[in-house]
Structure formats: C-alpha cells, structure tokens
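Noted in TrEMBL for the protein shown:
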type	residues	note
DOMAIN	94-136	domain 'EGF-like'
DISULFID	Cys126-Cys135	disulfide bond
TRANSMEM	336-354	transmembrane segment
Amino acid sequence: QGLERTEHEGFGGGNTAWEEEKLSKYQHSETRLLEVLEGVCAPSDFACHQLLERSEEHVEQWWFHEQQQHPDFFQWLCVDRLMLCCPPGTYGPDCRSCAGGPRQPCSGNGRCDGDGTRRGTGLCVCSPGYGGPFCAECGDGYYEVSRNKSHLMCAECYQACGRCTGPEDSSCLRCKRGWVLHEHRCIDIDECGTEMAHCRANQYCVNTEGSYECRDCSTACIGCMGAGPARCKKCNKGYWRDGAKCLDVDECASAEEPVCTGVQEVCENTEGSYRCVCAQGHVRRDGQCIEDKPPDAPEKGFFDDVTDDEVVVLQQMFFGVMICALATLAAKGDMVFTAIFIGAVAAMAGYWLSDRSDRVLDGFMKGR
C-alpha cells in the first residue's frame, strides 16, 4: 500500500529536479523507502514493528539491489528469505500443496488448514453444506443443486432429513436423529410415549420436534404426569388431595392447638408449610417478639425548647435590668457606680451595633 501511495510522488519541497540529479530518482531513493516504512505497521502492532526491525537489512537489500529481478516483495522476503510464509494454496515447512491442489484448494468450498503459512495440516475445513476430503460433495442435510467441472452448489434439505434428493419433505433418503423414515418422509419420534426419554425423579417428559424436554413437577407433587398440581401422582407434604388436584394445607387454620407458641407470635400460612412471625407492632430481637417502639429519649433541660430569638430577648432583658440597677446607684452620686453605669451602656450599645448592625441598617434604609 505504501508503494502504491508514493508511486506518483516526489521529493517534498525544494528543487526536485536538482535533488534527483544530484541524489537519485525519488522512485528508488531512501527518502521514499522511509516514507513507505512509516505506514507499514499500525502504531499498536508490536509484533509487526518487531518483525520489521529484524528484517531491516533484507528490506534495504531488496529496495536497492533486488527490485528489478524480484518485483514480488512478499515472495522474496516472506517466502524465500525469512521463510515465514508459503504461496497461496500451499502449507507447512516445505510449502506442500493443499488438499485439492494449490489452484483451487478444497474445491473452493472450504479452507485449507495452514494455507499460506509454514504451519497446519493441509486438510480441508469445509464450509457449511459441503463435505468429503476435498469438500467436493454435499454434506449431511444438503442436496446437490448443480455441478460442473469446477463448481458445486448445495442447498439445505427439509429440516428432518439427514440426506435427501430435494427440498421437499417427501424427498428424504435418511432422517436425522429423533425422526424415523416412512415412505420418504421423516416422522417425529415421540420419545415420551415410547419410553425412550430419561427424566429424573419429580420431572415429566414433553415431546419436541426431533427430541424431548424434561420439566420439573409442581411443588405440590411427588412424581407427576404433566404440568400443574392436577397432574400429581402423589401429593407432597403440606398438601392434600381434592379430587385430582393437590391443594395447600392451611396449617394455621386447621390445627386444633396454636402452632406458634411464642409470646406475641402469630401463624402465617405459606405454600406447603407455615411460619411463625411477630404480631403487628412487634419485632423479633434475640429470638423474641418485643414491642416495636423508639428508644427512650433523654429528659429535656429547662432551656432546650428556647429558640434563638427568645435567647436574644432574654439577653436584652438581662442587660436592661443591669443598666437600670446601675442607673439607680449612679443617681445617688457615687462616682464608682456612675463609671460602671456608663461602661455598661457603652458595652450594650457596642453589642447591639456589632451583632445587629445589618438588621438596623436594613430597617433604616426601608424606613422601618
């Protein structure tokens, strides 16, 4: 592909005429060889890169010295020098002819095992519908539509036919397994009715086209003749027979004495049995049914239900009482209490403006 891609190209850029005159023709230059080799292997194909690296000297020898005498690069490198491949239609270490000959291996109706490699057996692996050592015959379940010296066409028989002369159900020569031949027609064998089926205990047989199936009996049955609780041979434990049908026994309702004796336990009927569960409003813990109630909550403190706004109000009331008391003492002319009063007013104003400044400013801006 690289040779085809670069066949009509030249030196990239510069004076191509001068380069070809002083160096060599692009068609046989090292520049073209490098451009070809760049695209030989996919970036992630490690095996290809490894093989190319090992074959570098052979590739250069063919490029500069062997092209004219051996234009088939694949034959020269892969078959003759590296001896990794064989020509098409041959196989093995000595490149022997495949079954049916190298020109048309396996009559064109299959593939030769190892074709084109130094491995394989050379035997034919036939395509569907063909058979024989050279794939020159129609396989089982197929008949011959046409044939000439070089070509054979086979088509599928009727589904029940192992061998046939045509596509009709009346053209059978041999039947597939599970069918019997009768007047050139293949009739299905009823394995279930002829005791040819082998099903396990507690299964029943179902006939199918050319075969049969084994299916499980109903859980109500011990042995059965078909599907459902009405085809039981014998009723299973936990069931009772009502005519032809095996019905579930309600152990909870039919028992003379309670079947669940635990405290706060009640009986719950199930298919073929029963189970003991806790009564409504109870849960099972450590094997006993106890009342399902949330754990006791710790006692609340005096201020647990107080909201944040109520705390702010209480704080303001406390500061108000303290300021009033200090104002009363300051009114008597005591300088010490007067100083404490002024400090408390300043602290209250600072707390109010710092902690509530956003609210005060927002209310002021809205005219509140």
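Each residue, glycine too, has its Cβ placed from N, Cα and C.
TrEMBL annotations: computationally assigned, not manually curated.
Within 10 Å of the C-beta of Cys135 (disulfide bond) we count 25 further C-beta atoms, all protein chains included. Cβ contacts within 10 Å of Cys126 (disulfide bond), excluding its own Cβ and spanning all protein chains shown: 19.
Helix, strand and coil residue tallies for the domain 'EGF-like' (94-136), in that order: 4 helix, 11 strand, 28 coil [DSSP].
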